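Chemist: Here's the feature list from TrEMBL:
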TRANSMEM  21-40  transmembrane segment
DOMAIN    23-517  domain 'K+ potassium transporter integral membrane'
TRANSMEM  60-77  transmembrane segment
TRANSMEM  149-172  transmembrane segment
TRANSMEM  192-211  transmembrane segment
TRANSMEM  218-240  transmembrane segment
TRANSMEM  265-285  transmembrane segment
TRANSMEM  297-317  transmembrane segment
TRANSMEM  342-367  transmembrane segment
TRANSMEM  388-412  transmembrane segment
TRANSMEM  424-443  transmembrane segment
TRANSMEM  450-472  transmembrane segment
TRANSMEM  478-497  transmembrane segment
DOMAIN    529-802  domain 'K+ potassium transporter C-terminal'
REGION    668-700  region 'Disordered'
COMPBIAS  677-686  compositional bias 'Polar residues'
Amino acid sequence: MDLEFGRGLRSPKRDSWKTTLLLAYQSLGVVYGDLSISPLYVYKSTFAEDIQHSETNEEIFGVLSFVFWTLTLIPLIKYVSIVLRADDNGEGGTFALYSLICRHANVSLLPNRQIADEELSTYKLECPPEITDKSRIKVWLEKHRKLRIALLIMVMIGTCMVIGDGVLTPAISVFSAVSGLEFSLSKDHREYAVIPITCVILAFLFALQHYGTHRVGFLFAPIVLAWLFCMSAVGLYNIIHWNPQVYQALNPYYMFKFLKKTRKYGWMSLGGILLCMTGSEAMFADLGHFSYSAIQLAFTCLVYPALILAYMGQAAYLSKHHDFYSSSQVGFYIAVPDRIRWPVLILAILASVVGSQAIISGTFSIINQSQSLSCFPRVKVVHTSEKIHGQIYIPEINWLLMILCIAVTVGFRDTKHMGNASGLAVITVMLVTTFLTSLVIVLCWHRPPLLAFAFLLFFGSIEALYFSASLIKFLEGAWLPILLAFILMAVMLVWHYTTIKKYEFDLHNKVTLEWLLALGDKLGMVRVPGIGLVYTDLTSGVPANFSRFVTNLPAFHRVLVFVCVKSVPVPHVLNAERYLIGRVGPPGHRSYRCIVRYGYRDVHQDVDSFETVLVETLATFIKLDASYRCSEASDPDELTEAMVEPAGERERRLTVIASSNTLRHRASYDLQDSARHSSPASTTVEMQARAAAGDRDDGAAAEISPEKKQVRFFIDSHVASPGAAGSGKQVEEELEALAAAREAGTAFILGHSHVQCKPGSSVLKRLAVDVGYNFLRRNCRGPDVALRVPPASLLEVGMVYVL
């Protein structure tokens, strides 16, 4: 089963109860590993120093009441009942919410947006834009660029905190699990055992990442399931044996009594209580792996009751035991009977490893998504499984996370500081999710703004209370996620800003093919055998680096393809809709444009399969283009239009080449217009689809006219026999030239850029571009690695960008 595609690519029919049960079981090891181990450190972090466990039990009962209502309101009601419904074609997470908003409102800052992207099958809108009244919030977002930038910065902050959580969660989880050894070791040996063992386990965990989780993933669900049953059993035993009346603490009145007695210190202790919902965001982030019903079933029927029983059991035990040497001993293992402490310790360590594995994989995934939005420097992404889509490994990030995790463990050496740091990262991500979901309610679900405001006010107030309690502990560990977020934000902003400016520079300095052809006569241009793939971010025109290349070395390949690899605000692009092919110049010039579209969760193809598929799509395009021109010539009205239409307009037509037995869309529109539509102030072009009588299931092509904004279908049989229209010889020659060029070899022409600021630029801009961006460019992976270009076929063209 392809878990990565999940619900997004499964049948729209509801899953059977057997499938739902299987997915719910599998979700235990992927989604709930982090959330299920929170009882290891919640009470210990809460009672670290701020409050004391007294004889009246008001503190422990108040904390239990807070834990119960926090788990009920945030994971159960907010995430399971509301946020999980805000999926993007079955995908969840921060980027899913952002892409959903970008499709319903023109707030995306991606530079090369095209009208054709809105025709993708996965570009799903709940309500057609032409019949939707624009809300005031949507108008404000589209009108003010600063609001769009602020929205992107908020998404970046959430992303940075998720990465920070990838550093802190493995450290606190494994350390809390291993700390159970304190009850079996003398006080002198604890310091020399717990920290080294934790570091060894962390190093072992990160060292195994390059093998991929699919090899041992079948063990994850049984381990978490056993851990949940273990927690439930221990909790139920403590409730029955020590204090059956502990259920009374679920009354919210105990929260009021707790705050009334502890006052400021009780408020500060909320930073430890919020750790009970650590890992709740994973339910939404991993939605694409499973389904809404499976995650809902697993949480409501198993995870939620097990957590409540575990916390109630600890509270029941602590309510009858007050003779502790220090409040830091108010932890999980003290409530575990001596006879089963060692088996529980081993099971807890295994569960903490599973929970850490989930957050590490999530960190890899969100960094890969950040790259797709040009918000993160290029890193090497390794796909560890050929069968399971989305199992990735990023070497640089993996070893950096390992070093930081071990540094946090050795530096903090206690649960208190780790908990303060982890709590701030967790609650910040939740605040970002709450705000983005409120925008989804208005912009995507078209609900009244008052309902979205109520959602934001209710859940935002709860999370803001916890956020303030975490932030007040800045000097006691909370500074770490803020420092990590500040560094990551600086990296992401510098990379995104400079990438956008480079695109604007390319857009301003691009040249037309007419200029290139006219220049060729003067320079004596030579066509050499082979295929030349010129990579560019532009969707129209000839990039400046290629014009610089041919003016200095007047030779290029007999078949020339301008390749633009771009991301669109959808999680996945179907293979049948991935390639947009068009001509650049007359057919005899053998120059084409290929726009390759990927979603933010798509896996980029390796160079061999990409080259093969590209040649196949070019061959299909040549046949389809010939049949289209034949149909134009056979229709007097079409012939009149073709005579009036400028040659340059015809050259800008693009075709979506689909696989066999699927619909082929021929999308004709002005690529110069698409550049204008890349501006945030652009509006959506409305197209009306009209099928002709010849439309069949065995294949067709749809012509979209930018003037008439209509779609016309014609029979795909012309593709199979272009010679019937008298153009077979021309098509045969063009296909033979393509095959000969493929046999001669393929060269990948990439720009090797150097960026510098204009004279007179501000100090901040020079610091960001001249120092920051160039440092990142020199020390991160080159575009050839990201695009998987073989070194033997690589040809780099130096280019200086003056921004």
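Every residue, even glycine, has its Cβ placed from backbone N, Cα and C.
Would you situate these features in the structure and describe their surroundings?
Modeler: Same-chain residues lying 6 or more positions outside the transmembrane segment (478-497) and placing a CB less than 8 Å from one of its CB atoms are 109, 152-153, 156-157, 159-161, 163-165, 167-168, 271, 370, 373-377, 404, 408, 420-425, 428, 470-471, 768-769, 772-773, 776.
Confidence annotation: the domain 'K+ potassium transporter C-terminal' (529-802) carries a mean pLDDT of 69 in the model.
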Chemist: Using Cβ atoms and a strict cutoff of less than 8 Å, what residues sit near the transmembrane segment (297-317) while being 6 or more residues removed from its termini?
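Modeler: Distant Cβ neighbours of the transmembrane segment (297-317) are 20-21, 24-25, 27-28, 31-32, 35-36, 38-39, 42-43, 60-61, 63-64, 67-68, 71, 75-76, 80, 225, 228-229, 231-232, 234-239, 241-244, 246-247, 249, 276, 283, 332, 334-335.
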Chemist: Would you say the transmembrane segment (450-472) and the transmembrane segment (149-172) are touching, if the rule is that at least three C-beta pairs must lie under 8 angstroms and be 6 or more residues apart?
Modeler: no
Chemist: Are there at least 3 C-beta pairs under 8 angstroms linking the transmembrane segment (342-367) and the transmembrane segment (60-77), leaving out pairs fewer than 6 apart in sequence?
Modeler: no
